[in-house]
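**Q** Once you've had a glance at the structure underneath, I'll fire off some questions.
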């Protein structure tokens, strides 16, 4: 099987999986806040932005040498709370509950151990496609 057939087969498989999963384009903050060095490949060589977005992935071809189609950051309730773990600035204390964190107008996520679970939000003005 030639390279062209392999790419076509990969594209069809990707599109089929998207149709099953109800894929949708990620929010701008989920993409623009992923640092280039932390991009996890989500496509194949030559993937178009439309194919990438159809797979619920991010697309940015402005940086050579890194994946252009990559996995987005996890969705959060508020766009202001979407960020890489390394960008979290502590807004609470050990054992803080979600309600106390929200009363401080901060974000709460306890899915990753040993990082701040209550953290300051970021501005959404820097989020774009």
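Glycine is no exception: its Cβ is also placed from the backbone N, Cα and C atoms.
Pulled the feature table from TrEMBL, pasting it below:
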DISULFID  42-57  disulfide bond
DISULFID  52-69  disulfide bond
DISULFID  81-107  disulfide bond
DISULFID  91-106  disulfide bond
DISULFID  101-118  disulfide bond
DOMAIN    29-73  domain 'P-type'
DOMAIN    79-122  domain 'P-type'
SIGNAL    1-23  signal peptide
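Surface or core, plus neighbours and distances: that's what I need for these features.
**A** Long-range C-beta contacts of residue 52 (disulfide bond), restricted to its own chain and to partners at least six residues apart, with a cutoff below 8 Å, comprise 42, 43, 58, 59, 68, 69.
Cβ neighbour count for residue 107 (disulfide bond) (all protein chains, 10 Å cutoff from its Cβ): 24.
Taking the Cβ of residue 118 (disulfide bond) as reference, residues of its chain lying under 8 Å away and at least six apart in sequence are, in sequence order, 90, 91, 92, 93, 96, 100, 101, 104, 106, 107, 108.
Taking the domain 'P-type' (79-122) as a whole, pLDDT averages 93 in the prediction.
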**Q** Looking only at 57, 81, 91, 101, the disulfide-bonded residues on record, which one has the least crowded Cβ, with the fewest other Cβ atoms within 10 Å?
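**A** If we count Cβ atoms within 10 Å for the disulfide-bonded residues 57, 81, 91, 101, the smallest count is at 91.
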**Q** Within 10 angstroms of the C-beta of residue 106 (disulfide bond), what count of other C-beta atoms is obtained when all protein chains are considered?
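**A** Its Cβ shell of radius 10 Å holds 22 other Cβ atoms.
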